[in-house]
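Colleague: Just dropping this structure here.
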Amino acid sequence: MKIQVLSYFLVAVFIFGLLTEAYVDFRQKIILDEILLVLLIAGLVYTGVSGHAWKESLVGALTGSGLLGLIYVLSKGGMGFGDVKYAGVLGLWTGIPGVIVALYLAFLIGGTVALMLCITHKAVRESRIPFGPCLSAGAVLSFFYSARILDWYWSLFL
């Protein structure tokens, strides 16, 4: 019972941290390391008490930070390094393949927002649009629904 309460508390910390990072990045275009540290520690504890596999969480963290790290290098600063760190923490929470779902959704959301801003002339192609809110949205959806999303996705091809 105590572990279940702790798990729920840690998930609440996760969601509050995602909302905080989304808000701060939207307003100030920065990912706060202090929030990432809290999310990292909470994610490690959550992995330990929830029965999730350490390997899955660690591979998720490496995959998330690795994929966005590659984009960070190739885009020559088009994506901030805070997003790279954030993706690693999100990968710890969502594991693998959850982090793939989270990043896919984040890029889908981000691309849609960018397109709408360009269509309405509120942004141009060179505009810097914060990606943290998109990562947060993708992570929440993936954390709770990645299995369903993957089942739906694979049903399209099988």
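Using N, Cα and C of the backbone, Cβ positions are placed for all residues, glycine too.
Feature table excerpt (TrEMBL):
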TRANSMEM  5-24  transmembrane segment
DOMAIN    13-115  domain 'Prepilin type IV endopeptidase peptidase'
TRANSMEM  30-49  transmembrane segment
TRANSMEM  58-75  transmembrane segment
TRANSMEM  95-119  transmembrane segment
TRANSMEM  131-150  transmembrane segment
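Let's see these features in context: how buried, what's close, how far.
Modeller: Remote same-chain residues near the transmembrane segment (5-24) are listed as 30-32, 35-36, 38-39, 42-43, 45-46, 49-50, 86, 93, 132-133, 135-137, 139-140, 143 (criterion: CB distance under 8 Å, separation of at least six residues from the stretch ends).
The list of residues near the transmembrane segment (30-49) in space but at least 6 beyond its ends in sequence, with Cβ under 8 angstroms from a Cβ of it, reads 3, 6-7, 10-11, 13-14, 17-18, 20-21, 24, 57, 80, 82-83, 85-86, 89, 92-93, 132.
Same-chain residues lying 6+ beyond the ends of the transmembrane segment (95-119) with a Cβ under 8 Å from its Cβ atoms: 52-53, 56-57, 59-61, 63-64, 67-68, 87, 125, 127, 129, 131, 134-135, 137-139, 141-143, 146, 149-150.
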Colleague: Which residues of the chain, 6 or more past the ends of the transmembrane segment (58-75), have a CB below 8 A from one of its CBs?
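Modeller: Non-local partners: 81, 83-96, 98-100, 102-103.
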